[in-house]
Amino acid sequence: MNTPAVRFAARTVRVKAPGKINVSLDVGPRRPDGYHSVASVYLAVSLYEEVAATSTETPGITVSLSPDSTLDLDAVDIPLDASNLAYRAAAIMADVSEHATGVHLEITKRVPVAGGMGGGSADAAATLLACDALWNSGLSREELAHLAAELGADVPFSLLGGTAVGLGVGDQLSPALAKAKTHWVLVTADFGLSTPEVFRTLDRLREAEGVDADEPTGVDPNILAALRGGDADALSRILVNDLQRASIELAPSLRDTLGIGESHGAIAGIVSGSGPTVALLADDSVAAEALAEDLQHQGLSALAVHGPVPGARIISDTLL
């Protein structure tokens, strides 16, 4: 008697993970290993990447970009091979999962590419969580965070979300109990900046000025207090990003963007991380929406967001 073949049941787990802005970023000197120690306050904001992980009968990992992406996919260079962070995240999960199958990853891109907001890191965090669920790996959040750190400094934060202090190269995270909302307008650029190049430029500027940077040991407690209280006015006076001048050196138009934002009602502005995304702080949600609309009329790509928001989370789990 023939045993009926077992039909493969495909399943899709969809996860969303937030982009981030650096509310503060202190950068130490270049270390012998080429990296820089940092002290940063990360804020997860309401601009999300989505990854749909679908099990496949065919072994291996494939990646595609969703037509629902809000980015112009023709204008950005996103690898779909093993160099993609989401691909690498799936490969790491396959190595530690007893029931791994083939998987197809469809990524919905909304966070600017090479924009200083950790879009690729959000893809990786979403993929870790999606594959953990898809393959019933049963890893704890702590175990997932350990794998996330192997992929890049920003990946653990996208998994965690909320507000956090990052030390080391940004991967040593301590959650900050700052849940009050702040409102921002993100002005995105039609170009990217290479994070290593921005750090090299900062080193060059410091060397030319004879500046010996100190190793950062912590963040300004006033920033955390302002975030805990949702005090935009206090926060506006203490935003800091050591990389900002290097980003402006490479892309002088960022100085104009900051100026235009503040002239149209932003109470402060900062380049996020290595840029080129500019984060403009607004008094409240109404002011943020009005500012975004004004900047759009100026021909800029601007959208209102808020933070903090939760980290990567499953939004659907479907048998096909």
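Indices start at 1 and increase along the chain as displayed.
Cβ atoms are placed via backbone N, Cα and C, with glycine included.
Here is what Swiss-Prot records for this protein:
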ACT_SITE  LYS20  active site
ACT_SITE  ASP154  active site
BINDING   PRO112, VAL113, ALA114, GLY115, GLY116, MET117, GLY118, GLY119, GLY120, SER121, ALA122  ATP binding site
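Annotated features, which come from Swiss-Prot, shown on the structure.
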residue: LYS20; record: active site; Cβ neighbours (10 Å): 32
residue: PRO112; record: ATP binding site; Cβ neighbours (10 Å): 26
residue: ALA114; record: ATP binding site; Cβ neighbours (10 Å): 20
residue: GLY116; record: ATP binding site; Cβ neighbours (10 Å): 31
residue: GLY118; record: ATP binding site; Cβ neighbours (10 Å): 29
residue: GLY120; record: ATP binding site; Cβ neighbours (10 Å): 25
residue: ALA122; record: ATP binding site; Cβ neighbours (10 Å): 36
residue: ASP154; record: active site; Cβ neighbours (10 Å): 30
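LYS20 (active site) is 11 Å away from GLY120 (ATP binding site) when you measure Cα to Cα. The ATP site, placed at the center of the C-beta atoms of PRO112, VAL113, ALA114, GLY115, GLY116, MET117, GLY118, GLY119, GLY120, SER121, ALA122, has further neighbours from the same chain whose C-beta lies within 8 angstroms: GLY19, VAL111, THR277. Across the structure, ALA122 (ATP binding site) and ASP154 (active site) are spaced 8 Å apart at their Cα atoms. ASP154 (active site) and GLY116 (ATP binding site) are 10 Å apart (CA-CA, integer value).
The two recorded residues GLY118 (ATP binding site) and LYS20 (active site) have their Cα atoms spaced 6 Å from each other. Here LYS20 (active site) is positioned 11 angstrom away from PRO112 (ATP binding site), judged by their C-alpha atoms. For the recorded site, ALA114 (ATP binding site), the DSSP three-state label reads coil.
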